[in-house]
Amino acid sequence: MTYKLKISYDGSFFRGYAKQKDENLITVQSELEKYLSLFFNTKISTFGSGRTDKYVHAIDQTVSFKCDSDYDPKSIQNFLNSKLTNIYVNSIEKVPNSFHARFSIKSKTYMYVINTGEFDVFKQRYEYQYNKSIDIKKCEDIINLFIGTKDFLSFSTSKLENTTRTIRWIRIIKKNKKIYIFINGEGFLRNMVRMIVGIILTYCENKITYQEVLDLFKNPKKGSAVIKVPGCGLYLYRTIY
């Protein structure tokens, strides 16, 4: 029996999504598996649509797991929500055994939130406190450089050999003093979204030229984009299957 979970979590309280070698570190995956194993009275291993780093949030993370037991999904959901802290299970359903949260996914959308107004002490764990104006039109000048299937080695600290990824679209929305950057793609490398946003902001500040951004793709070098915005403003916004 395969179950599919849709969850949200506040990344401020976790050392990322994935389990760590140090079992004392609390992660989203370790907490989920602890209480799923308690419910089913057997060890449960889960698979997420992707890993989020520490302080990164999720509005729509998808998780799957297999188990021999057949339970009403609602009873599992109610149990988990009664035990979990800073994680909420939005839904659980039974799915075909071929479903896998990581390998069945078609695309993911990330959202990055920036506060361009005055520093907000109550939102500092949920928005990047940039605290200065952003020229949206200038930001949009370089968006097309990221769209398509490209080698994003310069925008990642990943150890993977294959660093080619596909970005489908990027949208920037301004609401009052907040800037929301949405990035949709088929897959992402570690720190890729945060480094893309970092370069967009650096370009807006006139600290890097259009040609220099272009060169990050023409001559890719691991992590050469350098600028990485804080994890607190990043949300896994939507997972599509």
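Glycine residues also receive a Cβ, built from the backbone N, Cα and C atoms like all the rest.
Features of the protein shown, as given by Swiss-Prot:
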- Asp53: active site, nucleophile (ACT_SITE)
- Tyr110: substrate binding site (BINDING)
Residue pair the residue listed as 'active site, nucleophile', the residue listed as 'substrate binding site' - Cα distance, angstrom, rounded: 13
Tyr110 (substrate binding site) CB neighbourhood, other CB atoms within 10 A: 24
Reduced DSSP assignment, the residue listed as 'active site, nucleophile': coil
DSSP state at the residue listed as 'substrate binding site', helix/strand/coil: strand
Neighbour count (Cβ, 10 Å) for Asp53 (active site, nucleophile): 16
